[in-house]
Amino acid sequence: IANNALVDLPAPINISSWWNFGSLLGLCLIIQILTGLFLAMHYTADINLAFYSVNHICRDVNYGWLLRTLHANGASFFFICIYLHVGRGIYYGSYKFTPTWLIGVIILFLVMGTAFMGYVLPWGQMSFWGATVITNLLSAIPYLGMDLVQWLWGGFAVDNATLTRFFTFHFILPFIVLAMTMIHLLFLHQTGSNNPIGLNSNIDKIPFHPYFTFKDIVGFIVMIFILISLVLI
């Protein structure tokens with residue numbers, strides 16, 4: 001499977017740098033899962049301790065400050081890459097690959113949900129406000145709204161139950177996103193890639209490796225350089 005997906009995969013000869021963002025998103029996801037895993041080892045999902053545990057990560061844990069800033073800024077890069085990836089799909093008509101596109105839309109919604117819940121976890125003033133405002137949008141649903149909001153909160157206000165469940169979902173969703181990414185690639189490989197001129201890609205193709213593996217690695221180096229510069233300077 002890996003060989004067919006990464007080595008001998010026939011790819012259109014003329015795909016531009018706009019086709020790099022899919023692999024960059026994969027890199028972003030791996031960075032987020034790894035840094036998030038180590039952050040979760042030191043984080044405490046309790047309203048009295050959450051803020052202090054984040055403080056503790058930044059001050060006392062070896063390279064905890066680096067983990068946290070990589071995780072926070074990595075999320076921003078994730079969304080920059082997602083918007084460019086989707087924008088490329090809209091501009092070059094990749095939405096014609098309907099199953100791939102629909103899976104992509106689901107991934108986008110999952111990532112947005114994951115990011116929102118991650119934003120709440122430090123439990124500072126903005127976390128509390130964000131959780132209250134966004135979840136309160138459900139109260140606009142006629143008849144069921146308020147009951148849904150209270151069910152989501154686990155009480156009559158955003159409280160400890162809310163933080164605990166947000167942490168739980170924030171932990172599990174990236175792995176669901178990873179699984180959806182595999183399905184996204186599975187459907188993409190059924191049709192093959194689109195290309196900038198929009199003609200049939202089967203006319204002129206080259207193997208993915210070494211041409212596009214090196215092209216992707218160049219993209220990785222550029223993105224990691226910008227991310228590290230942002231985090232360290």
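Easy rule for this one: first residue shown is 1, then count along the chain.
The backbone N, Cα and C atoms fix where each Cβ goes, and this holds for glycine too.
Note: TrEMBL annotation is automatic and uncurated.
According to TrEMBL, the feature domain 'Cytochrome b/b6 N-terminal region profile' maps to 1-197.
Annotated transmembrane segment per TrEMBL: 24-45 (among others), in sequence order.
Residues or ranges marked as transmembrane segment by TrEMBL: 65-86 (among others). Listed by sequence, the residues of this chain that lie at least six past the ends of the transmembrane segment (65-86) yet keep a Cβ under 8 A from its Cβ atoms are 18, 21-22, 24-25, 28-29, 31-32, 35-36, 38-39, 54, 57-59, 104, 108, 111, 115, 118, 223, 226-227, 230-231.
Sequence annotations record features per position, and here TrEMBL assigns transmembrane segment to 98-120 (among others).
As annotated by TrEMBL, transmembrane segment applies to 126-145 (among others).
What TrEMBL records for 166-188 (among others) is transmembrane segment.
Mean predicted confidence for the domain 'Cytochrome b/b6 C-terminal region profile' (198-233): the pLDDT average there is 95. Among the features that TrEMBL reports, domain 'Cytochrome b/b6 C-terminal region profile' is placed at 198-233.
For 208-232 (among others), the entry in TrEMBL reads transmembrane segment. Here the transmembrane segment (208-232) has Cβ contacts under 8 Å with residues 6-11, 15, 17, 20, 23-24, 27-28, 31, 66, 69-70, 73-74, 77, 81 of the same chain, all six or more residues outside its ends.
The residues of the domain 'Cytochrome b/b6 C-terminal region profile' (198-233), classed with DSSP into helix (H, G, I), strand (E, B) and coil, number 25 helix, 3 strand, 8 coil.
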